Amino acid sequence: MAQVRSLQKIMAFLSANNTVAVNNSDTRLAGCFLLGIPGLEHLHIWLSIPFCTMYVAALAGNGILICVILSQPSLHEPMYIFLSMLASTDVLLSTSTMPKALANFWLSSTHISFDGCLTQMFFIHFLFVAESAVLLAMAFDRYVAICSPLRYATILTSTAIGKIVAATLARSFIIMFPSIFLLKRLHYCRVNIIAHTFCEHMGIARLSCSDISINIWYGLAAALISTGLDIILIAVSYVHILQAVFHLSSQDARSKALSTCGSHICVILLFYIPALFSVFAYRFGGRHIPRYVHILLANLYVVIPPMLNPVIYGVRTKQILEGAKQMFSNLVKESK
């Protein structure tokens with residue numbers, strides 16, 4: 001019944017704006033309609049509570065983490081610079097999806113302009129690829145710190161970090177920018193209803209009345225070139241890291257290295273496992289896994305890692321805890 005009411009609202013909107021689709025018309029002017037989580041419309045209000053809580057926690061945790069790293073000169077090292085990049089990407093990734101999803105849950109705000117949908121799609125995929133690159137950079141940082149500690153300062157210089165940041169942004173932009181034109185070239189002749197809480201590449205492409213083979217192959221190639229390659233390189237890095245760790249003679253050094261690597265591996269698994277499961281379940285498990293499971297997973301992987309990353313690093317990293325205490329102590333002194 002809830003889904004029927006959503007469709008009735010959409011048709012009422014189209015009728016009121018004289019944009020009811022016909023086969024030969026271009027329906028991009030009518031925009032797109034995000035249904036939220038089909039099959040669970042009656043639970044949207046209840047689902048909004050944990051999602052809103054996780055989103056606020058992600059904003060607060062990552063915001064504090066960024067402020068601590070920026071305010072404490074002792075944390076201006078490669079490892080913490082990459083961590084601040086991860087926190088910034090987390091904030092932007094969750095912000096690109098959650099506000100619209102919560103508006104849908106609370107206000108039944110399903111409509112989004114076609115260009116707005118493309119913009120949201122671009123930033124979601126751009127930030128996902130960028131975060132994957134940041135995780136690769138963090139794995140490289142740990143590889144150099146553990147496998148070549150004497151060369152750490154000469155390899156990860158400020159110039160090298162700047163190049164890594166520039167390469168991360170450039171790669172993400174180069175990979176994702178063509179997807180906008182691949183979607184714009186298609187002809188849209190139906191009511192653009194997306195059974196999701198946010199816009200993504202294949203979700204928009206499937207609205208089209210045109211052949212989307214190029215979009216399918218491009219999406220697969222982009223995923224393999226970016227995320228797939230990053231996963232392989234991260235795995236290779238940690239194989240070498242673990243080999244080096246188990247050859248350390250000092251038990252304390254081995255325990256410290258394993259603790260640091262354990263935090264990083266937790267972050268990596270939290271990011272990749274839900275995302276990959278969602279992607280493969282969407283492509284290959286459509287007949288066996290309910291649609292709402294795919295959408296819930298897609299929403300979880302853009303909000304759970306951003307929420308948990310500050311907790312993992314804040315609890316397990318002594319320097320971050322000390323920096324946070326120092327920052328809040330300075331704030332208290334300034335307020336008096």
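Using the three backbone atoms N, Cα and C, a Cβ is placed for every residue, glycine included.
Since this is a predicted model, take the numbers as computed values, not measurements.
Quick look at what TrEMBL annotates:
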- 43-68: transmembrane segment (TRANSMEM)
- 61-313: domain 'G-protein coupled receptors family 1 profile' (DOMAIN)
- 80-98: transmembrane segment (TRANSMEM)
- 118-140: transmembrane segment (TRANSMEM)
- 152-177: transmembrane segment (TRANSMEM)
- 216-236: transmembrane segment (TRANSMEM)
- 257-280: transmembrane segment (TRANSMEM)
- 292-315: transmembrane segment (TRANSMEM)
Cβ-Cβ under 8 Å with the transmembrane segment (257-280): same-chain residues at least 6 beyond its ends:
86, 128, 131-132, 135, 138-139, 142, 146, 223, 227, 231, 234, 238, 241-242, 245, 248, 294, 297-298, 300-301, 304-305, 308-309, 312-313, 316-317
If you average pLDDT over the domain 'G-protein coupled receptors family 1 profile' (61-313), what do you get?
86
